[in-house]
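Q: Feature list, courtesy of TrEMBL:
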TRANSMEM  93-115  transmembrane segment
TRANSMEM  161-180  transmembrane segment
TRANSMEM  187-211  transmembrane segment
TRANSMEM  217-236  transmembrane segment
TRANSMEM  256-275  transmembrane segment
TRANSMEM  287-309  transmembrane segment
Amino acid sequence: MRETTFIDRNRSRWLEIETSEKEDPDEISSDFIDLTSDLSYAQTHYPHSKITSYLNFLAAGVYKSIYQKPKNNVILNFWKRDFPLILGHNQRVLWLSLAFFVTFCSLGAICSITEPNFIEAVMGSGYVDMTEDNIRKGMPFGVYADQPPFKMFLTIFANNFFVGLIVYMSGVLAGLGSFYHTFKNGLMVGTFLTMFFKHNLGFQAIFVINLHGTFELMGLVLECMAGLILGLSFLFPETLTRKQAIKKGLFESAKIFIGTVPFTFIAAFIESYITRLGSSGLQKTSLFMSILLVLVLVFCVAFVVWYFFIYSKKLAKETPLDQYLKEISHEK
(Lines of atoms letter the chains of each structure in order from A and count residues from 1; the text may use other names and numbers.)
(Lines give C-alpha, C1' and ligand atoms only; values in the text may rest on other atoms or scores of the structure.)
Protein backbone atom coordinates (compact mmCIF):
# COMPACT_ATOMS: atom_id res chain seq x y z
CA MET A 1 0.00 0.00 0.00
CA ARG A 2 1.31 3.44 -0.89
CA GLU A 3 2.13 5.62 2.11
CA THR A 4 -0.30 8.37 1.04
CA THR A 5 -3.12 5.82 0.80
CA PHE A 6 -2.24 4.45 4.23
CA ILE A 7 -2.35 7.95 5.70
CA ASP A 8 -5.59 8.94 3.95
CA ARG A 9 -7.36 5.81 5.19
CA ASN A 10 -6.41 6.33 8.82
CA ARG A 11 -5.91 10.09 9.21
CA SER A 12 -9.33 10.84 10.76
CA ARG A 13 -9.03 8.00 13.27
CA TRP A 14 -5.55 9.10 14.36
CA LEU A 15 -6.69 12.69 14.78
CA GLU A 16 -9.66 11.54 16.84
CA ILE A 17 -7.37 9.54 19.13
CA GLU A 18 -4.95 12.46 19.42
CA THR A 19 -7.62 14.99 20.42
CA SER A 20 -9.98 12.80 22.45
CA GLU A 21 -10.11 12.74 26.26
CA LYS A 22 -11.46 9.25 26.74
CA GLU A 23 -11.69 7.80 30.25
CA ASP A 24 -13.11 4.35 29.51
CA PRO A 25 -10.23 1.83 29.90
CA ASP A 26 -11.74 -0.49 27.25
CA GLU A 27 -11.89 2.26 24.63
CA ILE A 28 -8.36 3.44 25.43
CA SER A 29 -7.06 -0.13 25.21
CA SER A 30 -8.79 -0.60 21.86
CA ASP A 31 -7.15 2.58 20.54
CA PHE A 32 -3.76 1.36 21.75
CA ILE A 33 -4.16 -1.98 19.99
CA ASP A 34 -5.13 -0.24 16.74
CA LEU A 35 -2.20 2.15 17.00
CA THR A 36 0.35 -0.58 17.67
CA SER A 37 -0.97 -2.44 14.63
CA ASP A 38 -0.62 0.71 12.50
CA LEU A 39 2.83 1.39 13.94
CA SER A 40 3.98 -2.15 13.18
CA TYR A 41 2.78 -1.79 9.60
CA ALA A 42 4.46 1.61 9.22
CA GLN A 43 7.78 0.36 10.66
CA THR A 44 7.74 -2.51 8.18
CA HIS A 45 6.85 -0.53 5.05
CA TYR A 46 7.91 3.06 5.83
CA PRO A 47 10.70 2.71 8.45
CA HIS A 48 12.21 6.17 7.86
CA SER A 49 8.97 8.08 7.31
CA LYS A 50 7.63 10.85 9.55
CA ILE A 51 4.36 8.94 9.83
CA THR A 52 6.21 6.18 11.70
CA SER A 53 7.56 8.70 14.22
CA TYR A 54 4.10 10.24 14.55
CA LEU A 55 2.45 6.88 15.25
CA ASN A 56 5.17 5.99 17.74
CA PHE A 57 4.52 9.28 19.56
CA LEU A 58 0.75 8.72 19.51
CA ALA A 59 1.02 5.14 20.77
CA ALA A 60 3.35 6.24 23.58
CA GLY A 61 0.80 8.84 24.70
CA VAL A 62 -2.03 6.29 24.81
CA TYR A 63 0.20 3.81 26.63
CA LYS A 64 0.95 6.46 29.25
CA SER A 65 -2.74 7.19 29.75
CA ILE A 66 -3.34 3.48 30.45
CA TYR A 67 -0.45 2.62 32.72
CA GLN A 68 0.71 5.91 34.22
CA LYS A 69 -2.60 7.58 35.03
CA PRO A 70 -2.37 9.21 38.49
CA LYS A 71 -3.87 6.92 41.09
CA ASN A 72 -5.57 9.76 42.95
CA ASN A 73 -7.87 10.46 39.99
CA VAL A 74 -10.31 7.78 41.14
CA ILE A 75 -10.44 9.20 44.65
CA LEU A 76 -10.68 12.78 43.42
CA ASN A 77 -13.42 11.85 40.96
CA PHE A 78 -15.39 10.15 43.74
CA TRP A 79 -15.57 13.37 45.77
CA LYS A 80 -15.97 15.71 42.81
CA ARG A 81 -18.57 13.66 40.95
CA ASP A 82 -19.63 10.15 42.04
CA PHE A 83 -20.67 10.88 45.62
CA PRO A 84 -22.43 14.25 45.11
CA LEU A 85 -24.06 12.95 41.92
CA ILE A 86 -25.68 10.10 43.83
CA LEU A 87 -26.93 12.57 46.44
CA GLY A 88 -28.28 14.84 43.72
CA HIS A 89 -30.19 12.06 41.97
CA ASN A 90 -31.69 11.00 45.31
CA GLN A 91 -32.60 14.42 46.70
CA ARG A 92 -36.06 13.28 47.76
CA VAL A 93 -34.62 10.51 49.93
CA LEU A 94 -32.03 12.94 51.32
CA TRP A 95 -34.70 15.45 52.32
CA LEU A 96 -36.89 12.66 53.70
CA SER A 97 -34.03 11.40 55.89
CA LEU A 98 -33.35 14.93 57.10
CA ALA A 99 -37.06 15.42 57.86
CA PHE A 100 -37.10 12.17 59.85
CA PHE A 101 -34.10 13.23 61.91
CA VAL A 102 -35.40 16.75 62.63
CA THR A 103 -38.83 15.35 63.56
CA PHE A 104 -37.33 12.83 65.98
CA CYS A 105 -35.09 15.52 67.53
CA SER A 106 -38.16 17.70 68.03
CA LEU A 107 -40.05 14.78 69.53
CA GLY A 108 -37.21 14.20 71.99
CA ALA A 109 -37.28 17.87 72.98
CA ILE A 110 -41.07 17.92 73.44
CA CYS A 111 -41.07 14.75 75.54
CA SER A 112 -38.21 16.10 77.67
CA ILE A 113 -40.20 19.25 78.42
CA THR A 114 -43.52 17.56 79.14
CA GLU A 115 -42.30 14.47 81.00
CA PRO A 116 -40.00 15.15 84.02
CA ASN A 117 -38.31 11.74 83.98
CA PHE A 118 -37.85 11.47 80.22
CA ILE A 119 -34.30 12.88 80.12
CA GLU A 120 -33.03 10.36 82.67
CA ALA A 121 -34.84 7.54 80.88
CA VAL A 122 -33.11 8.36 77.59
CA MET A 123 -29.69 9.61 78.72
CA GLY A 124 -29.30 7.57 81.90
CA SER A 125 -29.22 8.98 85.43
CA GLY A 126 -25.42 8.71 85.62
CA TYR A 127 -24.90 10.87 82.54
CA VAL A 128 -27.48 13.44 83.71
CA ASP A 129 -25.84 13.66 87.16
CA MET A 130 -22.40 14.11 85.57
CA THR A 131 -23.67 16.91 83.30
CA GLU A 132 -25.40 18.73 86.16
CA ASP A 133 -22.24 18.41 88.24
CA ASN A 134 -20.20 19.93 85.38
CA ILE A 135 -22.68 22.81 85.13
CA ARG A 136 -22.29 23.53 88.86
CA LYS A 137 -18.50 23.53 88.43
CA GLY A 138 -18.75 26.09 85.61
CA MET A 139 -17.80 23.55 82.92
CA PRO A 140 -21.19 22.82 81.31
CA PHE A 141 -19.62 21.05 78.35
CA GLY A 142 -16.87 19.39 80.34
CA VAL A 143 -17.81 16.02 78.86
CA TYR A 144 -15.84 17.10 75.78
CA ALA A 145 -12.67 17.56 77.82
CA ASP A 146 -12.67 14.61 80.20
CA GLN A 147 -10.22 12.47 78.18
CA PRO A 148 -6.89 13.06 76.41
CA PRO A 149 -7.68 14.33 72.87
CA PHE A 150 -6.18 11.43 70.91
CA LYS A 151 -7.80 8.75 73.05
CA MET A 152 -11.11 10.60 72.80
CA PHE A 153 -10.72 10.86 69.02
CA LEU A 154 -10.19 7.12 68.59
CA THR A 155 -13.12 6.28 70.87
CA ILE A 156 -15.53 8.69 69.20
CA PHE A 157 -14.55 7.75 65.65
CA ALA A 158 -14.86 4.02 66.33
CA ASN A 159 -18.22 4.46 68.07
CA ASN A 160 -19.71 6.74 65.41
CA PHE A 161 -18.41 4.57 62.57
CA PHE A 162 -20.08 1.44 63.94
CA VAL A 163 -23.28 3.31 64.79
CA GLY A 164 -23.37 4.56 61.20
CA LEU A 165 -22.70 1.07 59.86
CA ILE A 166 -25.65 -0.27 61.87
CA VAL A 167 -27.93 2.53 60.66
CA TYR A 168 -26.97 1.74 57.06
CA MET A 169 -26.96 -2.06 57.13
CA SER A 170 -30.23 -2.31 59.05
CA GLY A 171 -31.86 -0.65 56.05
CA VAL A 172 -31.89 -4.04 54.33
CA LEU A 173 -35.09 -4.72 56.30
CA ALA A 174 -37.17 -2.63 53.88
CA GLY A 175 -35.61 0.51 55.36
CA LEU A 176 -37.30 -0.06 58.73
CA GLY A 177 -34.05 -0.68 60.58
CA SER A 178 -32.57 2.62 59.41
CA PHE A 179 -35.81 4.38 60.34
CA TYR A 180 -35.69 2.90 63.86
CA HIS A 181 -32.04 3.76 64.52
CA THR A 182 -32.54 7.28 63.18
CA PHE A 183 -35.53 7.61 65.51
CA LYS A 184 -33.43 6.45 68.47
CA ASN A 185 -30.50 8.75 67.72
CA GLY A 186 -32.70 11.73 66.87
CA LEU A 187 -34.62 11.31 70.11
CA MET A 188 -31.34 11.25 72.03
CA VAL A 189 -30.03 14.42 70.36
CA GLY A 190 -33.26 16.32 71.07
CA THR A 191 -33.22 15.15 74.69
CA PHE A 192 -29.54 16.05 75.11
CA LEU A 193 -30.06 19.62 73.91
CA THR A 194 -33.19 20.10 76.03
CA MET A 195 -31.20 19.14 79.12
CA PHE A 196 -29.08 22.27 78.57
CA PHE A 197 -32.07 24.46 77.73
CA LYS A 198 -33.48 23.63 81.16
CA HIS A 199 -30.33 25.21 82.64
CA ASN A 200 -30.52 28.28 80.34
CA LEU A 201 -27.57 26.97 78.32
CA GLY A 202 -29.51 25.87 75.25
CA PHE A 203 -28.14 28.29 72.68
CA GLN A 204 -24.60 27.81 73.93
CA ALA A 205 -25.13 24.06 73.67
CA ILE A 206 -26.37 24.35 70.09
CA PHE A 207 -23.30 26.40 69.19
CA VAL A 208 -20.70 24.25 70.95
CA ILE A 209 -22.19 20.88 70.00
CA ASN A 210 -22.65 21.81 66.35
CA LEU A 211 -18.95 22.51 65.97
CA HIS A 212 -18.60 18.79 65.44
CA GLY A 213 -22.30 17.97 65.18
CA THR A 214 -22.71 19.62 61.79
CA PHE A 215 -20.68 16.87 60.13
CA GLU A 216 -21.56 14.15 62.63
CA LEU A 217 -25.33 14.60 62.41
CA MET A 218 -25.25 15.12 58.65
CA GLY A 219 -23.39 11.83 58.49
CA LEU A 220 -26.22 10.20 60.43
CA VAL A 221 -28.76 11.64 57.99
CA LEU A 222 -26.75 10.26 55.05
CA GLU A 223 -26.47 6.84 56.71
CA CYS A 224 -30.24 6.81 57.12
CA MET A 225 -30.53 7.83 53.47
CA ALA A 226 -28.23 4.97 52.42
CA GLY A 227 -30.26 2.49 54.45
CA LEU A 228 -33.55 3.67 52.96
CA ILE A 229 -32.17 3.42 49.42
CA LEU A 230 -30.84 -0.07 50.17
CA GLY A 231 -34.16 -1.31 51.54
CA LEU A 232 -36.63 0.50 49.31
CA SER A 233 -34.87 -0.25 46.00
CA PHE A 234 -36.44 -3.72 46.05
CA LEU A 235 -39.92 -2.51 46.98
CA PHE A 236 -40.10 0.45 44.59
CA PRO A 237 -38.15 -0.22 41.37
CA GLU A 238 -40.06 2.59 39.56
CA THR A 239 -39.21 2.48 35.81
CA LEU A 240 -36.38 -0.05 36.27
CA THR A 241 -36.63 -3.82 36.42
CA ARG A 242 -36.39 -5.19 39.96
CA LYS A 243 -32.91 -6.55 39.24
CA GLN A 244 -31.74 -3.17 37.92
CA ALA A 245 -33.31 -1.39 40.91
CA ILE A 246 -31.59 -3.68 43.43
CA LYS A 247 -28.25 -3.26 41.67
CA LYS A 248 -28.73 0.51 41.58
CA GLY A 249 -29.68 0.54 45.27
CA LEU A 250 -26.60 -1.47 46.24
CA PHE A 251 -24.22 0.77 44.28
CA GLU A 252 -25.80 3.98 45.56
CA SER A 253 -26.15 3.01 49.21
CA ALA A 254 -22.62 1.57 49.46
CA LYS A 255 -21.08 4.69 47.95
CA ILE A 256 -23.12 6.96 50.20
CA PHE A 257 -21.93 5.09 53.29
CA ILE A 258 -18.32 5.18 52.10
CA GLY A 259 -18.77 8.90 51.52
CA THR A 260 -19.81 9.45 55.14
CA VAL A 261 -16.66 7.93 56.64
CA PRO A 262 -14.33 10.95 56.13
CA PHE A 263 -16.97 13.25 57.60
CA THR A 264 -17.28 10.95 60.61
CA PHE A 265 -13.48 11.15 60.91
CA ILE A 266 -13.45 14.95 60.70
CA ALA A 267 -16.32 15.25 63.18
CA ALA A 268 -14.45 13.04 65.67
CA PHE A 269 -11.32 15.17 65.23
CA ILE A 270 -13.23 18.43 65.78
CA GLU A 271 -15.03 17.01 68.82
CA SER A 272 -11.77 15.81 70.39
CA TYR A 273 -9.53 18.79 69.64
CA ILE A 274 -11.73 21.85 68.97
CA THR A 275 -15.08 21.43 70.75
CA ARG A 276 -13.21 21.07 74.06
CA LEU A 277 -12.01 24.67 73.64
CA GLY A 278 -15.55 25.81 74.42
CA SER A 279 -16.16 23.32 77.24
CA SER A 280 -16.50 26.08 79.86
CA GLY A 281 -19.20 27.91 77.91
CA LEU A 282 -18.99 30.91 75.61
CA GLN A 283 -19.04 33.49 78.42
CA LYS A 284 -15.75 32.15 79.81
CA THR A 285 -14.10 31.67 76.42
CA SER A 286 -11.64 34.32 75.20
CA LEU A 287 -12.59 36.58 72.30
CA PHE A 288 -9.94 35.07 70.04
CA MET A 289 -11.07 31.54 70.82
CA SER A 290 -14.73 32.49 70.32
CA ILE A 291 -13.94 33.94 66.88
CA LEU A 292 -12.05 30.75 65.98
CA LEU A 293 -14.99 28.59 67.04
CA VAL A 294 -17.43 30.77 65.07
CA LEU A 295 -15.28 30.42 61.95
CA VAL A 296 -15.17 26.63 62.35
CA LEU A 297 -18.95 26.45 62.73
CA VAL A 298 -19.63 28.79 59.79
CA PHE A 299 -17.30 26.78 57.55
CA CYS A 300 -18.89 23.45 58.53
CA VAL A 301 -22.45 24.68 57.99
CA ALA A 302 -21.60 26.43 54.70
CA PHE A 303 -19.83 23.34 53.37
CA VAL A 304 -22.71 21.02 54.28
CA VAL A 305 -25.29 23.27 52.62
CA TRP A 306 -23.21 23.82 49.48
CA TYR A 307 -21.81 20.32 48.94
CA PHE A 308 -24.70 18.10 49.98
CA PHE A 309 -27.58 20.19 48.68
CA ILE A 310 -26.52 22.87 46.14
CA TYR A 311 -23.56 21.27 44.34
CA SER A 312 -25.11 17.78 44.29
CA LYS A 313 -28.37 19.12 42.83
CA LYS A 314 -26.46 21.04 40.15
CA LEU A 315 -24.56 17.89 39.09
CA ALA A 316 -27.78 15.88 38.93
CA LYS A 317 -29.42 18.43 36.64
CA GLU A 318 -26.45 18.20 34.27
CA THR A 319 -26.47 14.38 34.18
CA PRO A 320 -29.42 12.51 32.58
CA LEU A 321 -30.67 9.40 34.38
CA ASP A 322 -29.36 6.90 31.79
CA GLN A 323 -25.88 8.41 31.91
CA TYR A 324 -26.02 8.52 35.70
CA LEU A 325 -26.91 4.81 35.94
CA LYS A 326 -23.91 3.93 33.78
CA GLU A 327 -21.57 6.13 35.79
CA ILE A 328 -22.43 4.79 39.24
CA SER A 329 -21.97 1.19 38.09
CA HIS A 330 -18.95 2.07 35.91
CA GLU A 331 -20.59 0.73 32.79
CA LYS A 332 -20.01 2.25 29.34
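Please read every residue number as a count from 1 along the shown chain.
The backbone N, Cα and C atoms fix where each Cβ goes, glycine too.
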Q: Counting Cβ pairs under 8 Å to the transmembrane segment (217-236), which of 93-115, 187-211, 287-309 comes out on top?
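A: Most Cβ pairs under 8 Å with the transmembrane segment (217-236) come from 93-115.
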Q: Where else in the chain does the transmembrane segment (256-275) make close Cβ contacts, counting only residues six or more beyond its ends and a cut-off under 8 Å?
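A: Sequence-remote neighbours of the transmembrane segment (256-275) are 78-79, 83, 86-87, 141, 144, 149-150, 152-153, 156-157, 160-161, 164-165, 168, 208-209, 211-216, 218-219, 222-223, 225-226, 229, 293, 296, 300.
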